[in-house]
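A.B. asks: A single structure is presented below for examination.
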């Protein structure tokens, strides 16, 4: 959650580069179609800067394509659904179309002819370059102000988007923290109940041992009483037999 998605970092750089390229393209169009004369240096500089920006944007878009391919190969690892992938693909497609449109207009035959004519006019007008310097400085200053304004708007949008992402992450962290608290309370209750049951089992074990000891004592006493009773019965039987023997002897003597 705390790690920033690299796609949004590259996306921000691409959007910033597109804004710069659009400003250069507008200036390049004004130089070719405007009624005022422009020097060859200004036309060449604007053209080269525009082409370099477009080439850099294309490279960044290729990097974004590679990141999407990696995510599509293992979507579970990056936790991105199909909707988010579609949004990212749409951004790449639309940006690539913007770059393609500007390149097509720059490479059009009519535009090339206009650029060559402007270059010839610039070469013919180099003798009056001193009177043009003030106008060039003003145009460059206006272009810089426009670029700075576009960049400031872009930075504000990115900051607002990052703030929204941070707020969403904070909300998710609060939900996770609440769930952890509930689980902690449940685990504490379960632990208390287990401890109570352990105490009850320990008491029951002691009672069982005491009962077993008392039962053993009773069994020993019963065995002792049984042994004593058996001895008494034997003496009684001997006495009866002796009495019978005496009676028989008396009868024998009498008869």
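Numbering starts at 1 and runs along the chain as it is shown here.
Backbone N, Cα and C define each Cβ position, glycine as well.
According to Swiss-Prot, the feature phosphoserine maps to 2, 129, 152. Under the heading N-acetylserine, Swiss-Prot lists 2. Annotation comment: Swiss-Prot describes 2-234 as topological domain 'Cytoplasmic', evidence class sequence analysis. The feature region 'Required for interaction with VPS51' is assigned by Swiss-Prot to 2-168. Positions annotated as coiled coil by Swiss-Prot, on the basis of sequence analysis: 41-74. Sequence annotations record features per position, and here Swiss-Prot assigns domain 't-SNARE coiled-coil homology' to 163-225 based on sequence analysis. Per Swiss-Prot, the feature transmembrane segment maps to 235-255; the stated evidence is sequence analysis.
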A.B. asks: Near the coiled coil (41-74), which same-chain residues lie under 8 Å Cβ to Cβ, leaving out any that are not at least 6 residues past its ends?
C.D. replies: 6-7, 10-11, 13-14, 17-18, 20-21, 24-25, 27-28, 31-32, 80, 85, 88-89, 91-92, 95-96, 99, 102-103, 106, 115, 118-119, 122, 136
A.B. asks: What number of additional C-beta atoms lies within 10 angstroms of the C-beta atom of residue 152 (phosphoserine)?
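C.D. replies: Other Cβ atoms within 10 Å of residue 152 (phosphoserine): 10.
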A.B. asks: Please report the DSSP secondary structure of residue 152 (phosphoserine), reduced to three states.
C.D. replies: helix
A.B. asks: Count up the helix, strand and coil residues in the domain 't-SNARE coiled-coil homology' (163-225) according to DSSP, in that order.
C.D. replies: 63 helix, 0 strand, 0 coil
